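The feature active site, proton acceptor is assigned by Swiss-Prot to Asp186. What Swiss-Prot lists as ATP binding site is Leu53, Gly54, Ser55, Gly56, Gly57, Phe58, Gly59, Ser60, Val61, Lys74. The domain 'Protein kinase' annotation in Swiss-Prot covers 47-193 and rests on sequence analysis.
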Amino acid sequence: SSVNARPCSSPLVCPAKGEKFFGVGSASRIRQLPPRLAWCSIDWDQLCLLHLLGSGGFGSVYKATYHGATVAVKQVKKCSKNHLASRQSFWAELNVACLDHNNVVHIVAASTCTPTSQDSLGTIIMEYAGNCTLHHVIYGIGYLTGNNDGLKRDHEFLSTAQAVVYSCDIVAGLMFLHSQLIVHLDLKPANIF
């Protein structure tokens, strides 16, 4: 099995001020993704949030479907107390969007434009890495498994052989990120799938 780490990266790459986002809106109010992320946009009609997977200081992550595929959707909330930090968190996560490695979660799409019903700084659609985190496995805590009938609890425990596999996969992912001059700033068992 392969371990994926949720992306949280540095150094920060932020677009220049005064540029238009996907050719719409006024230049002073809408930010544009960097040129290397120009493919990023979300077809909102194809996105269906299923249920909350978790939330943290800068946003919430949902299990969802996008164009029929199961994905994880991170909505970065507008943080009134620390707006700069929430913006930096959003842009830092997008730094890994162009990277391709088995142990790094892939970004499917992203946008700073959100439907008016959402109070969000931005949305990132990522590959769905599963229901069970390393935290669940280490501590034998039940994890949520989705099925058509709803949610149920299940658990498994970490063996020595599994610990070695997880460790090797984590090191491989980190070595790749470091080779790209990216540092994971939130590495913990709850962010390892």
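Every residue gets a Cβ built from N, Cα and C, even glycine.
Source: prediction; values computed, not measured.
The helix, strand and coil residue counts that DSSP assigns across the domain 'Protein kinase' (47-193) are 41 helix, 51 strand, 55 coil. Shown in sequence order, Leu52, Leu53, Gly54, Ser55, Ala72, Val73, Lys74, Gln75 are the residues of the chain, 6+ apart in sequence, with a C-beta less than 8 angstroms from the C-beta of Val61 (ATP binding site).
In sequence order, Gln75 are the same-chain residues whose CB sits within 8 A of the CB centroid of Leu53, Gly54, Ser55, Gly56, Gly57, Phe58, Gly59, Ser60, Val61, Lys74, the residues recorded for ATP being left out. Per-site Cβ counts within 10 Å over the binding-site residues Gly57, Gly59 peak at Gly59.
Within 10 Å of the C-beta of Ser55 (ATP binding site) we count 13 further C-beta atoms, all protein chains included. Among the residues the record lists as binding ATP, namely Leu53, Gly54, Ser55, Gly56, Gly57, Phe58, Gly59, Ser60, Val61, Lys74, the two farthest apart have Cα atoms separated by 14 Å.
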